[in-house]
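Q: Heads up, here are the entries from TrEMBL:
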ACT_SITE  133  active site
BINDING   90, 132, 136  Fe cation binding site
Ligand code: NI
């Protein structure tokens, strides 16, 4: 499975709801997990592998050397509060990092791979990654959330590092 890089149109599309949580989706998620771990990422949205469906995976436990994959299908952010600044990166924008302002705490709803409805509160890094991945499903990248000046600097950086 290949991770699409900034500039690919699939990263700018709004993904459609998942209609069936079936074996095929489980297989896809397994492959995505393998791809994410190999790339040493902590989150990967379906858009990033060219699938325009509303689901993503994340694992914020990796740094402790213990894997705990979380799968969010048809996710929703029900409510949010607070503010937090965190240095983000993205597997689709390799090598670039910048601080992004996000909600500090979110209350979310989603289905897991067993079609169980998950309702929970996330904070800290989990809340950040969830919001980042959720944005992907709407075709939004973290660089879109930077100030105008920083976005211009990013464009310059990108041209310099990814000039073909
Ligand atoms: Ni990303």
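Each Cβ is built from the backbone N, Cα and C atoms, and glycine gets one as well.
Automatic, uncurated: that is what TrEMBL annotation is.
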Q: Which residues of the same chain, at least 6 positions away in sequence, have a Cβ lying under 8 Å from the Cβ of residue 132 (Fe cation binding site)?
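A: Those within reach of residue 132 (Fe cation binding site), by Cβ under 8 Å and sequence separation of 6 or more, are 43, 88, 90, 100, 102, 142.
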Q: Relative to the Cβ of residue 136 (Fe cation binding site), which residues of the same chain, six or more apart in sequence, are found under 8 Å away?
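A: 11, 15, 45, 46, 47, 48, 56 - these are the non-local Cβ neighbours of residue 136 (Fe cation binding site), listed in sequence order.
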Q: List the residues in the vicinity of the Fe cation site, defined as same-chain residues other than 90, 132, 136 with C-beta within 8 angstroms of the site's C-beta centre.
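A: Residues close to the Fe cation site, other than 90, 132, 136: 43, 45, 48, 88, 91, 92, 133, 135, 141, 142.
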Q: Just counting, how many other CB atoms are there within 10 A of the CB of residue 90 (Fe cation binding site)?
A: 24
